[in-house]
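> Take this structure, written in structure tokens, and hold onto it; I'll ask about it next.
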Amino acid sequence: MAPLDLEEILKKHKAAKAEAAKPRFIPRGQRKKMEEEKKLKVEEEQKRQQEELQKTRSELQKAREELAGLQRVRRQEQSRSRESDHSVPTGPRAMRSYDDDSFNGNGNGSNSNRNNNNNQRDRQDASTKTNGSRTAEEVQEEKKYLERYTGPPAKVSTFSANKKRRRTTDQKFNFDWDPKDDTSQPWRYEETGAHERSANGATEQVRRKKATRDYNDPRLVPWQDKELSQMTTRDWRLFKVNLEIVTKGNNIPNPMRFWEESNLPHVLKDTIKQVGYTEPTPVQRAAIPIALQCRDLIGISKTGSGKTAAFVLPMLSYIEPLPPLNEVTKTEGPYALILAPTRELATQIQAEVIKFATRMGFTVVCLIGNKRTIEEDAFALRNGAEIIVATPGRLVDCLERHLLVLSQCSYVVLDEADRMVDGGFEDSIHKILAALPPSNGKPDDRDAEDPNIMSKFLTPNLRYRQTVMYSATMPPSVERIAKNYLKHPAMVTIGTIGEAVDTVEQQAMWVVSEDERRNKLRAMLNTYGTGKLVIVFVNTKSNCDAVAKDLKSSSFSAVTLHGNKTQDQREAALQSFRDGRTNVLVATDVAARGLDIPDVSLVINFNMAGTIEVYTHRIGRTGRAGKEGMAITFCGPEDHGVLYHLKQIMSKSQMSKVPPWLKDHPEAQSKPTF
């Protein structure tokens, strides 16, 4: 007999498994026959179960009858044993002390009765003497024992009028004055001592609980004072609840508590200290450990939460092991790609990346339209770049003109994905992601969740492509992109989607005319905006220039930011505003999202946003990084469609108060149906 070939057996097994996994067509008649067989099996199984149940019931009934028969036999035997007992009857207990002669007719019955009575009197006298020799406390103690074990004597009431009166009046408030009360002085509840008496029991309970508390219990130690190895499952759960971190997915690592505990390279940790990042934000705590495991990631967080560093640091850590670009590899494109919806946000991200990438020797190139021509972009790419930050439109132009390829791109970031889709860049995103090399795509199975497999190098210059998406909301269009291009992603949600920043005080004012709107704007700037950075949002470009001109005529220093400005003009306006040379920035929604301008203390919505989502992002320009801010909104008759949502979002804020006009407005009472 020839020896078994293990490879042949495995090959046959694999072929059989693949054959079984293939879908096969089943004719209609065969399907009907299979359904009938399945139905017949179900009926047979039900019939078998009923028979077993009936059999069990009959056995129980038979056992019950046997037990009853045994009990009858036992009673009969006891009855026969009583009948066979021939002992002399003793008679009634009261007559046992009589002499036998009294029953024999000797006429001595009366003497016996007298003797019995005398004996009873003697016993009573002895009992009285015994009771007399005991103290009153002993007698009372005996009565208590008797009442405890035998109950109170018959026909003896246990009612206590004092107890009932105290029980019924304890919780009642006395509205009448006592004749002894001094009504000339104001009555003070604290002076009566009633609050002390009512809280006495609770205070004593708290005192006892504190006295018995074990202060060495590790559960009472805050997570900041614990070593990483001492953190329990309960500690991590409370940690995530306190920071409003919600994660979804398999094999999610625990969040990062401190920068020192992260697995980032030492060069990045040193740079973090130099730039002054003392403590990670919630999105950084949750997202960085997941991204460092080479997992695809979807991050949903409110504006101003530190999302840029949350994807920049893992990106640099991922491409650090790749070799430096040379004359050959520099033509293959970048190692990492970051897409942003606006030119301002792309420029801001480039500045953030340069902070950390310079010490690692990486080159960062920003591709945005309007600032420079396509030829200038080609010149910037002549020596290659490890990292490219771009807007979707300009990057598609570079790809179509063959100025750039993405043959070795291993890390892709989609920042503000919902904003890119809303801006009409969905087709551009699909074109860019389709231009990525399929050779380093992740498998669409559980291997995509295994960090050991995903961290492998496919070639010396190529790793599995990791895709990261950040957004403030998750509309269906963004979900489609995530479903098509992200493989088994982990999801991180910080706070509640669509809510405003908790550190912003919101105010809303009703205005009727344009003149009233301008007068209130000047009044708010004089009241709250003196010496502070203020952003004024308008809905149209023409109105943006008109409002800025009106403010300048009122001796306010103002600059404008809208889509008709060139890139140089927009950057100059932003730089002037950041430096404090101008304290009022009048802008359209182009500055509503993504821009991180520190120390903005006031946002004024000269025109209410068309949707509550845009409103949320507008007021998110202030109150960033834990600082407090204020947002003032002017509403008019044209804003009826968003009044309900504005009322809801203001009522959820602990720092804001819904004004009476908005609370009672008819359009704010029910959700609009359009």
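The backbone N, Cα and C atoms fix where each Cβ goes, and this holds for glycine too.
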> Of the ranges 223-226, 227-230, 415-418, 459-462, which one does Swiss-Prot list as motif 'DEAD box'?
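Motif 'DEAD box', as annotated by Swiss-Prot, spans 415-418.
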> Who are the long-range neighbours of the motif 'Q motif' (257-285) in its own chain, taking Cβ under 8 Å and residues 6 or more past its ends?
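Same-chain contacts beyond the ends: 223-224, 228, 239, 243-245, 292, 299, 301, 305-307, 309-310, 313, 316-317, 320, 355-356, 359-360, 492, 494-495, 625.
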> According to DSSP, collapsed to three classes, what secondary structure does Thr308 (ATP binding site) have?
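Reduced to three states, the DSSP call for Thr308 (ATP binding site) is helix.
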> Around Thr308 (ATP binding site), which residues of its chain at least 6 apart sit with Cβ under 8 Å of its Cβ?
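Long-range Cβ contacts: Gln348, Ile349, Glu352, Asp415, Asp596.
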> Just going by other Cβ atoms within 10 Å, which of the binding-site residues Lys302, Lys307 has the emptiest spot?
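If we count Cβ atoms within 10 Å for the binding-site residues Lys302, Lys307, the smallest count is at Lys302.
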> If you draw a 10 Å sphere around the Cβ of Ser305 (ATP binding site), how many other Cβ atoms fall inside it, taking every protein chain shown into account?
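Its Cβ has 21 other Cβ atoms within 10 Å.
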> Can you tell which of the binding-site residues (Ser301, Gly306) has the fewest other C-beta atoms within 10 angstroms of its C-beta?
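If we count Cβ atoms within 10 Å for the binding-site residues Ser301, Gly306, the smallest count is at Gly306.
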